Amino acid sequence: MARRPNPTSKEDFSFVSPILKYLLFIFNMIFWVIAMIMISIGVYARVTKHVETAMACLAVDPAVLLMIIGIVMFMITFCGCVGSLRENICLLQMFSVCLTIIFLLQLASGVLGFVFSDKAREKVSEIINNAIVHYRDDPDLQNLIDYGQQEFLCCGGISYKDWSQNIYFNCSAENPSRERCSVPFSCCLHTTDKAVINTMCGQGMQDLDYTKAGVFIHTNGCIDKMVNWIHGNLFLLGGIALGLAIPQLVGILLSQILINQIKDQVELQKYNLQHQADLWH
């Protein structure tokens, strides 16, 4: 009768590095918490709006965009957290594949945006025009547009007359709004020497030509301003893109290393079980 083999130190050996395992877990946990915060902010911003307003500007609502990004990040980081903690190859593979797809999509978007710059410009113009149409419908969108116009010192998409697309600023004779043929306050040329700020400085500006309107407001559109800003800040944008890519590449690298270690550990366990079975016989 064969003797039962005594346990050896080889049976306690593990290919899986605890440092790598918990490093990947903490890495995902940080972004998982960030995703939860983004979803919470998006949901709060969404539910505080009126239902009619929310449905009217669904496609351009920053709260919806924040929720979508947060949900996608939550699902991916959840796979990374559980996969690393439980040493689950399937979840880790899903985590790695999702990060790889997102990285490739970002890379492809940057390349296509550079190659087909005219098409990208048309798409940006379409988004801005849609945002102008819903300017008064969504407070978050309104604040975002005002911030962009004040930062880039611009007004409208192509020019300040684009604000006629909004029902409140439309120049038609049938428009009963007090803001008829006007532009938002964020289009105005602001001076710091005035004690009282004239918030109605954009009143009737669309009735004036470029020269006369240029005395009171910014007449250039935001698209050209944005394009010029991008050309002048390529190094900054490259640094931001690199900052977004590095965590993704680190996550892919760590997950692949851990997957290989888990596979080696599984093979070792199979070998030990087979070796023990051979000794019993």
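Heads up, the Cβ atoms here are built off N, Cα and C, so glycines get one too.
Predicted automatically and left uncurated, TrEMBL annotations should be read as such.
Feature annotations, courtesy of TrEMBL:
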type	residues	note
TRANSMEM	20-44	transmembrane segment
TRANSMEM	64-85	transmembrane segment
TRANSMEM	91-116	transmembrane segment
DISULFID	C154-C187	disulfide bond
DISULFID	C155-C171	disulfide bond
TRANSMEM	234-259	transmembrane segment
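Looking at C154, C155, C171, C187, the disulfide-bonded residues in this record, the fewest other C-beta atoms within 10 angstroms of the C-beta turn up around C171. Sequence-distant neighbours of the transmembrane segment (20-44) (same chain, 6+ residues past either end, Cβ-Cβ under 8 Å): 63-67, 69-71, 73-74, 77-78, 80-81, 84-85, 87, 95, 247, 250-251, 254-255, 257-258, 261.
Cα spacing between C155 (disulfide bond) and C187 (disulfide bond): 5 Å, rounded to the nearest whole number. Between the alpha carbons (Cα) of C154 (disulfide bond) and C171 (disulfide bond) lies a span of roughly 20 Å. A separation of roughly 17 Å, to the nearest angstrom, links the Cα atoms of C171 (disulfide bond) and C187 (disulfide bond).
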